[in-house]
C-alpha cells in the first residue's frame, strides 16, 4: 500500500512539473489589434492564452482608446503623429455624423467620407509602425511563433509577411464583405446577400439584380480603401505587393459568426466560427444598478446603449427619444454622456457607463435598445432579450435585418423615426410574446454547442503556434488563376473541341454532299446525251 502511495505521489509530482514546464516554455505570440470595440473579444482570447503560459506582446500606438496596460501582456508602444485630443475629436465626429441628414443620392459618398475619418487614422498608425525601424528590429529579434491580428485593416497582415510568421485572423467582416472571396469560399450572389444591402437570403429578382451589381462594385471599394496599404506594403517589403495575396496567406480565420445570426453558407476548412465569444456569465450588479432594478417593480427595465463610439446624440433627436422612453412603464437605463434632454422623464436614468451583459442577463430586463453592433446582438441572443434596433453604420444594418427577419426585434431608421415610432416599437417587443419566444429559441440554439467559442478560439491560436501554421487546411483554390478557378480554360477547351468536331463534321458532310450532287449531275448528263 505504501509502495502504491509513493508511486502515486511520484506520478502526481511528474504531472505537476510537466504542467509547470509547459507553462514556463509557452509560445510567443505577437498581437496586432484594432482599437475600439474590435479589441474587446481579442482581449478575452489574449488573457486566456496568457493564463495558459504563453508570452504575449501587444502592438499599441501611444495614443489609443482601449489598449491599456494589463498583467496579461506586454505592450510594445510605437509613436504616432497625433495626440489624444485629435483621436477623441475624430471619433466624436465619426459618431455625430451618422445623425446628419442625407439624401438617397449622397448617402454612399457621405458614408465613405465619414468612414475615412477613422480609417485614415488607422492608416497613420500603420505607417508609423511599419516605418519604425527600432520596433521592427525588436519584432525580428523576439522570434515570435505566430501573429494574431484583426484584419479589417491590413497592418497586421503586412507585418506577418514582413516577419515571415503564420497568422490567425479574428474577424467580423471587411468594409466590403470580401473575406469569403479572399478565403476562396464559394460565394454565389444568388442567395448570399452582400454587405450593406440589407437583403435576406431569400431575394426577389430585383434584389438579386442589385446584389449582383453590388458584388461587381466591391473590388472597386476595396481598392479605394486599401490602395494606400498596398503602396505601403510594397515599400516595406521592397517588392510589388498584392494585398489580396497577403490576405490569402492566413493560417486560420476566427470568424465572429454563428448561424443563429448569419444566413447559412459554405465555408472553407480553415474558417472557425466563434460567434458569441463576448458573451460571459452574468456577474452580480453593483448596489447602484441593483437599486435601479429593485425600484422598477413588476415592469422591469429597458437597457439602452448605442455602443462605444456613440454616446451623444443631437439635441432634437435626444428629446424625441426621451419623449418616447417616458411613455413606457419600464425603468430605462440609458448610456448617454451628452446634454441632458429637458423633457427627460422620471423613469429614465442617464449613466456614463453600464454593465451591458450583466444587465441583459438579469431576469427583470424586458428589452434592449441597441445600434445592432455584433457584440450587443450576440449578448442579446445569449441572454434572450428582444431588441429595438437603431443601426448607424457598418454591419449594423445587416445585423438588424437578420434579427428582424428572425422575429427577434424591430428595426427603426434613427434619422427618420419619430417619438411615436420608438414608443410603438418598444411596446411591441415588450408586450408581444412572439419576440421573446423567438429570441429565446435563438438563444437555445446558440448555446447548444460542444465547445465554448472562447475555448475554440484559444485552441486554434495555440494550434497555429504549435505547428507553425496550418497548411493542410489551405485549399488549392489559392493556387489557381481566376479563369482556372471558374474552369473557364476547361470550358474554352471543350467548346473549342466541340466547335472543331462540328466544323470537321460540317466540312465532311458538305464535301460528301457536293460529291453526291456532282455524281448525280454527271449521270443525268450522260443519260441525256444517250437519248439524243
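Our numbering is plain: 1 for the first residue shown, then up by one each step along the chain.
Placed from the backbone N, Cα and C atoms, the Cβ positions cover glycine too.
As recorded in Swiss-Prot:
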| type | residues | note |
| --- | --- | --- |
| SIGNAL | 1-26 | signal peptide |
| CARBOHYD | 294 | N-linked glycosylation site |
| CARBOHYD | 346 | N-linked glycosylation site |
| TRANSMEM | 490-506 | transmembrane segment |
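Within the same chain, no residue sitting at least 6 positions outside the transmembrane segment (490-506) brings its C-beta atom closer than 8 Å to a C-beta of that stretch. Cβ neighbour counts within 10 Å, taken over all protein chains shown, single out 294 as the most crowded of the glycosylation sites 294, 346. Recorded residues residue 294 (N-linked glycosylation site) and residue 346 (N-linked glycosylation site) have their alpha carbons 15 Å apart, per Cα-Cα distance. For the recorded site, residue 346 (N-linked glycosylation site), the DSSP three-state label reads coil.
Residue 294 (N-linked glycosylation site) falls within a helical segment according to DSSP.
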